[in-house]
Ligand code: F6R
């Protein structure tokens, strides 16, 4: 949420920073801005709206030779999206400019105090308060580093900040607390940014900063210290192995479409090296030192939460592990009564979601083991968990999550098979049963490769027919219920059409009152043990003139307005066929309605504030 970047080096800094912002724009796109030195002035250019608006403004600027700059792309927390609230923010004396991702919780008190000292505020942001607090501290501290550290010790909350000053043009300062920040080490240039793609064109050597780290960097030199005492903090640089291919659309109209079509590859990658040659055992060496949990709490948000709900069916059924699934923002504020032999599984694509990270920390405080299921290598959740399994989906750029969910489901299936294998008793699966499921998993990439183009075409046709609907139900039972929730989430976030995901059996308990001829229902009715029940629920909707789009398998007896046949895969793994259908339908609805598919309004990819 919000993307920040800082640069000091030998290149013209403004193009480097704006290019970096383009790669961070998925984190927020309400406004954007840059700050750099022009002769003796600290110049700040900001603009409401997407980065393109900022670039237009920059095109009118005289070319700058500045070699140090900071930039920001905003997802509004304090203050509406407007130029006055866009970052960078300057101190009243014009000597400091800062970009900030996060929330300073006690900014009102600090603001009140600074106001009595004569400071004037031009925005509603907490960030403008912070930069003036630093300026105030600067009056009594020996240098800017001490002033920044002092101000950050006074400020409570979450932040990743980057700061430059008029009087030392080639240096940037940065710090992090509960918001992602990565330092990039180049040759004759250094970077700091909210995410690696911002500078991956220039360097692969990175340091994942820790909470409480503060950095001072020039083009040729840097120091990382502890904010608490300004003593050196030890970090070993790491080399990033993935490349920028993930950040290109490679011929697809949108990143979302590209990422949907990447799912066969995602499954293949997730299976690579995970299966023994006998095809009956799953290898998860990351977990070898952890016991099979007596009780597993899965905590996540949004789409990752839906993966968790889906995974529960497999973990309970295949591995006989009792599972509770909870939304992270709810979990963190209740008395969870965790036992030391409980395990928490946190699922997060970004590995930075604030509520999920908070839940992880609570579990650790209770002495519970925490297993992370993350996509982003080196993310906060990955680093703070007792053990981590990476989903290896590759960088997901589209704000709406697609391939990440597919990879999470795959890893949850592997996890259930792994614990079932370790349990190795009659209660769990037999070797033969495990072999059967593993073999099915291995067929999924080819099956999807074959069917994704026709799924896409069908989604295109139906989107034209149903684009006028203002409401949608998504119904499913058992393993299909989480997918119904996900289908509804995708439709609402991408096309802004109201959609509700429901357990089909719950309809009679109230929601069915909404059904009429203008309120269509997407019914998930694959060939599984609950098919007859779902069929009855479909009939109940039809009796109220509700239109039905039914996802089902060849040969199933079902009457509906639209029958959408999906490839036959044994339940629950048929979920890997249902998921892309739901994604493609929402994608086509959004695109047909002229919405911004990759960057839906009001959203940001990485939710680093609660
Ligand atoms: C929806 C979506 C979000 C995320 C949620 C959790 O398409 O992308 O609901 O799933 O914000 O994010 P992570 O998985 O990064 O913790």
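Each residue, glycine too, has its Cβ placed from N, Cα and C.
Feature annotations, courtesy of TrEMBL:
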type	residues	note
ACT_SITE	2	active site, nucleophile
ACT_SITE	605	active site, for Fru-6P isomerization activity
DOMAIN	2-220	domain 'Glutamine amidotransferase type-2'
DOMAIN	283-425	domain 'SIS'
DOMAIN	462-600	domain 'SIS'
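For the pair formed by the residue listed as 'active site, nucleophile' and residue 605 (active site, for Fru-6P isomerization activity), distance between Cα atoms is given as 9 Å, rounded to the nearest Å. Residues near residue 605 (active site, for Fru-6P isomerization activity) in space but far in sequence (CB under 8 A, at least 6 apart, same chain), listed by position: 26, 27, 350, 396, 397, 399. Model confidence over the domain 'SIS' (283-425) stands at 94, taken as the mean pLDDT rounded to a whole number. There are 26 other Cβ atoms within 10 Å of the Cβ belonging to residue 2 (active site, nucleophile). Summarised by DSSP class, the composition of the domain 'SIS' (462-600) is 61 helix, 25 strand, 53 coil. Taken through DSSP, the domain 'SIS' (283-425) splits into 63 helix, 26 strand, 54 coil.
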